[in-house]
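Data block below; observations after.
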């Protein structure tokens, strides 16, 4: 009998019932047998006395038919459980249906209509909640069912206590029939979930996969519409879950806009040297980067967008047609695509889309410009990138494995980059030098050297752009610039280790600080190997600034200007671009930009051919004029070295004080409160103390502090250094 009662409570399903259709529920089954259901016409014609109570409906006829979600087509009606409602009033109406006026979208418990004016809960069996007055029932529905519901797209999935059949199959694949307690019914896949937290995670997984309607129940459902995003006058279609790389094939990150604009300016500056350029976006995803190249640079570039995923390749082709760019596979298809071009439609350019492994493609073809932006580290693709890159070509590498580069996962950095790293105050520049060192080693293995044009390390990525110099001599010169760094753990002073193969007896003498003599134990560690040379090319950065002004990229102009100040190691107030006799001076937005006349196609030989000795010599002279004296490596954080009990000066004033003291100084993009200078740490803290004011004076004038003797200043600096060292030592040990 218990099994029979459970069977009576199981939901009964009927197919193809209209939304507005009115039904009279069939009588409950008895223990003797279950009669066949009468046809709809018989049910409609059956008289119902007004005085007699309505017959009891079938127990737990739960999953009645209802229209599917608004996003589904009308012909694909999906079944919705009665526990899924839009408003609390809809849930209350289930319990107050009288005299055969039953909504086809609802199904009632057999105890809904009891003697008198008592009603039973439509979502609870009689054993759990007996029939009661209307005000009690409303309070029960609101407190027990509605308040603990899960909301999704305007619907509320309320908690259900009916003994419904589990829809989710077991491990073998069969559906288990077992008695269930409180549970939820999923509006998307009709699965039964017991806990609310599990239901939230279940719905969230549906959203991550882009499943926003009942695709499991509906016979025919349309795919979720693709969203169209616009960046730099380029439209791209993206999937609903485009921001989650683990859940989508076409990952698109809006936070990488600065990265895309920097690479575009790099390519635009290179296009002024020689045309046309063979460009490769090795990991296309949505193809946004290659589309911007082809749309704004036109015939100056020949763009190839590659991706290994078939869905991404299809999406790239759709985005090409969306931006009126023709997809070229071979010459025949190019001719056909030109014939298909509609009247009045303008062909902005051609893009070659390939579905191939990036390593295989870079081995098969040679390029002038290669951009690598894999998901994670890029060390697996560096050897292939330098294998066929043309002479004086450019390779840009975007690394998003910031957990290892920023010393959060040190063992991963040792595994991928073969370097030792710890968390320091200059960890972002340390990450950039680690990536450049890996790029330099990969180029040297292919008998090529590199010249670093710029390196940027921001919150989400590390971008390194290098120019390739062919020849074993350039490779040897590049390899010599990879050195180890000695870092003091007490005061965070640092210096690159001297060249030589001989083992030094006391490497602590290379550090400017005397922490090893005043502190117990070993005070310094060896980091690296790292890139020890310059990270910026001033001449190339100025050309990038001109391209950003020319194309109206306002977002990165401030960043490029900061890079120029950093490469010259000069304060912003002293920034100026001097024009020479062979330089065209242009003014745009109040900034003077120079463009050289000798950077034309005459200075470069055709694709893949080597230069003559005379042209290589001229190029070397040009590079020497572009690059000024190398900037000092690394920087100091002014907050980290502030004096206890003193109000430090403003950063802009402090830069002037360091410059007046005879040191090179500039701000850095790696740290908003960082100061790049060639001053030792002791001098840095001495000047910082000299122009700081005591906190208890309430804004004491600087002249009083400057009148202190040099001996007193030195003593206080040493005391502050020792205090900082002891504090940092306590944290480390």
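Cβ from N, Cα, C; glycine included.
Within the set 78, 337, 612, 701, Swiss-Prot records phosphoserine at 612. Swiss-Prot marks one residue of 250, 707 as phosphoserine, namely 707. The zinc finger annotation in Swiss-Prot falls on one of the ranges 138-160, 161-183, 184-206, namely 184-206.
Within the set 26, 693, Swiss-Prot records phosphothreonine at 26. Checking 209, 336, 585 against Swiss-Prot for the annotation SUMO2 cross-link singles out 585. Among the ranges 120-124, 125-129, 130-134, 135-139, the stretch that Swiss-Prot annotates as motif 'Nucleolar localization signal' is 135-139. Nonlocal intrachain contacts for the motif 'Nucleolar localization signal' (135-139), taken as residues 6+ away from its ends with a CB within less than 8 angstroms of a stretch CB, comprise 92, 95, 119-121.
For the motif 'Nucleolar localization signal' (135-139), the model's average pLDDT works out to 84. The zinc finger (184-206): residue composition by secondary structure is 11 helix, 4 strand, 8 coil, according to DSSP. Per DSSP, the secondary structure of the motif 'Nucleolar localization signal' (135-139) breaks down as 5 helix, 0 strand, 0 coil.
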